[in-house]
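Following: one structure in structure tokens, then a few remarks.
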Amino acid sequence: MAGILAWFWNERFWLPHNVTWADLKNTEESTFPQAEDLYLACPLAFCMFMIRLVFERFIARPCALGLKIQANGPQKAQPNAILEKVFTAITKHPDEKRLEGLSKQLDWDVRTIQRWFRQRRNQEKPSTLARFCESMWRFTFYLYIFTYGVRFLKKSPWLWNTRECWYNYPYQPLTVDLHYYYILELSFYLSLLFSQFTDIRRKDFLLMFLHHVATISLITFSYVNNMARVGTLVMCLHDAVDVLLEAAKMANYAKCQRLCNVLFIMFALVFISSRLGVYPVWILNTTVFESWEIVGPYPSWWVFNVLLVLLQALHTFWSYLIVRIACRAISRGKAGKWNPLHVSKDDRSDIESSSDEDEVLPPSQKHHTNGTNGAHGTNGYLSSSPCPDEH
């Protein structure tokens, strides 16, 4: 184990040339980031998850009920032991052959069995109330941490001159405010990473999982390497967009359509301008070019920048999805009332949505369901989505 730890914490990987861990030990005059500081984030992540449960129960839920958001979920399927056994043990999406077999066994028509499976799948979807509570928790945290980040960075010289991120690197002292900022952000994303398995299941589950892993890795890397100054810039830039997205989703659940539309447009503009403009020009420029000029590359420097470029690739993909949704919405709006978020099932939730009854049926089954959902969508859920994460 000692050999493994020595290999993992190899100074030639983590630190610039001629710098050792002994040089970054805390003294009476200076305090530097220490890897063991990050252990605090694990219990704090659990505490944050518990705080979230209390917040959703005693703050978000009363707010949702005050906005007349209903707590009831989708219509429940009629109890049936045979179909339940097939659903839980075999498949949630029976093919045409199995549907015909069940139809003969139960003396039900195929359309009724399809409707039962559709309702049974919808039973596992959370109610609008649960979605609102989740979004309100995230909105509250993002708003708080973004406000804190702005107040902190306004007093920091590297906000106005990014070259300050690398002067005297890595002998840059760790302040209490910076340490608090980092530990809180890391704790939150750790809680998101694990709660992702219990939260509303998104279609982009894997993409978001990779995003959380990349974010946690970036926070950890930048702290251990004492690249915390540029790390604060990255965190603050990202939190600004998340505030608008969660606000738009809350407005959607509360059926405040105009507010939802305005917030989504603001979100799209800020997201694209910050992730495709500010991020590469401001962040990547300083981590790649300015740091190369002032400090020079070393192994963990390459890893850090690869992670930042990976994040940029995700930004580009999500920006494409936002633009596609906006273009579809504008083209649809030409025929009626313009709604920038009125999009089809295929376009919905590419940014943020649940894996609910948006599944694509096999071609052989489509003729059975065309007349079932019609104007009522799936079990009372409208088939068109006016805002992100409608379903």
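Just so it is clear, glycine is given a Cβ too, placed from its N, Cα and C backbone atoms.
Listed in TrEMBL for this protein:
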DNA_BIND  85-128  DNA-binding region
COMPBIAS  370-380  compositional bias 'Low complexity'
COMPBIAS  381-391  compositional bias 'Polar residues'
DOMAIN    83-127  domain 'Homeobox'
DOMAIN    130-331  domain 'TLC'
TRANSMEM  141-160  transmembrane segment
TRANSMEM  180-198  transmembrane segment
TRANSMEM  205-224  transmembrane segment
TRANSMEM  260-282  transmembrane segment
TRANSMEM  302-323  transmembrane segment
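Among residues of the same chain six or more beyond the transmembrane segment (205-224), those with a C-beta under 8 A of the stretch's C-beta atoms are 14, 33, 35, 37-38, 182, 185-186, 189-190, 192-193, 196, 230-231, 234-235, 300, 303-304, 307-308, 310-311, 314, 317, 355. Sorting the DNA-binding region (85-128) by DSSP state (H, G, I as helix; E, B as strand; all else coil) yields 31 helix, 0 strand, 13 coil. Within the model, the DNA-binding region (85-128) shows a mean pLDDT value of 85, rounded to a whole number.
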